[in-house]
């Protein structure tokens, strides 16, 4: 070893010891002929002092981020020079020898200053030397270990599934890899291990998990990555409660890493209730401000805007004092989300209603509105009217925006809930409008994925009443973030074929794309279910990071590019020829 001690491990009790440290020069300071450096390694920082002789002369050439090894004696710092802000603040190392292991070029940015994301990603190896990013990756390693420990106690088997497979419709676009030995044919990188883990249940493995890399070729969305990580689990002979119980044990172990005792069992809310109360299937429960249904209240209204399939409201406490410019800003905020605007009523201090909507209401509506929505004098009532899904989504977003503007969200709080009783299907046009890929050519597509089992009461009727069919599915939400989703799976060929048919995937297409799974179901497939956790998102939450990029070693930028390596990049003509990427498919009979 090139060092005897970790820089962050030294304490006053080590005074008098000869030590060898190795790391990077975080800072260098010249004080009256004496040079001090902060020597940083993965464990922390120790102050090193160069006082005289050849070692002092050698220290003059040190610059930020030189990689060095230092020998010296641990000394207690003189009284008054201690630094209580760091664990090693009571000592310094009096250097007797200095070796430069690697010089550093001038830095593209100072590691102790804020830098732009593009620069940080381009020089990610420097960025990770900083305390925050480096700490986040080390936390991620602990997260992996904690989950593995829980799963080992429950006899789960860690199994790696293929990362080169065939392209199957799963809800997003595939990344494709040309097969050189079969020109014109392609592998696909998996969007998830879904099909393989179900096959492992058919294979009798019973309890499987994997920290899996997944790939989805999606359009640009903020804070998404084309490659990401899931903790993927599957269990045989279980129901939803069994999967949820193991999942909660994992979450409890993870949050214990940051000193939080997560009380279990976690609360549950139905999908319908979440949409009605919060306007989203990912409700942030750290604050109130629930949506209020107003359709019946305005049943006889003469105001044409409120003669809509859905009318709802959310109250902004104290919002009546907002200046006109701010209220106009809310309209622009709504338009950026695809709405025409955000109607509002202001409740005066005397209880009278003001604003452009109030004059269109009847006396009875004005008299009863504040009580109906729970508004007090001085509040602002925001409304949305129109199709239920989009209107609730607008109010749900307004609810979050109100909470942020009024500082109603406790940043130290943790609020979890399971969302259950999901619809099995949604209209394909709604999925497409939301930016998802509607699998199949039918009018209906799966809300989660095509392999989600219907709840028992919906199994016989989901193809005649798709709008009313419920899925045996469950998502886990933390602070308004979906951090995992799972379901009981279909394990019978006939049921799976009926689901495919509902989605417009007819028999021949199903056999071509999913025949291996359908065939497996004919060999005594067990009932099974599982869940996949968004590992990047969970780690970001634990690390108190706003972006998942902060907890990925070498992330892509928001547009899917890698500033560090320059990927994606063109390939050479020779690579194109060898890969067969330009090969034309053979016609029938050729």
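If you go along the chain as it appears here, the first residue is 1 and each next one adds 1.
In case you wondered, yes, glycine gets a Cβ from its N, Cα and C as well.
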Binding-site annotation, Swiss-Prot, ATP: partner of 216, 217, 218, 225, 534, 535, 536, 537 in 158, 160, 482: 482
Which range of 182-185, 186-189, 190-193, 194-197 is region 'Aspartate', per Swiss-Prot: 194-197
Secondary-structure category, per DSSP, in which residue 216 (L-aspartate binding site) falls: coil
Same-chain residue ranges lying at least 6 outside the region 'Disordered' (557-590) that approach it to Cβ under 8 Å: 117-118, 121-124, 178-180, 182-185, 220, 222-223, 226
Of the recorded positions listed as 31, 80, 448, 489, the one whose CA lies nearest the CA of residue 218 (ATP binding site): 448
Residue counts (helix, strand, coil, in that order) that DSSP gives for the region 'Disordered' (557-590): 7 helix, 2 strand, 25 coil
Cα-Cα distance maximum in Å, computed over every pair in 216, 217, 218, 225, 482, 534, 535, 536, 537 that the record assigns to ATP: 20
Set of same-chain residues at least 6 away whose C-beta sits under 8 angstroms from residue 448 (L-aspartate binding site): 422, 471, 473, 485, 487
Residue 80 (site 'Important for tRNA non-discrimination') versus binding-site residues 216, 482, 489, 537 - nearest by Cα: 537
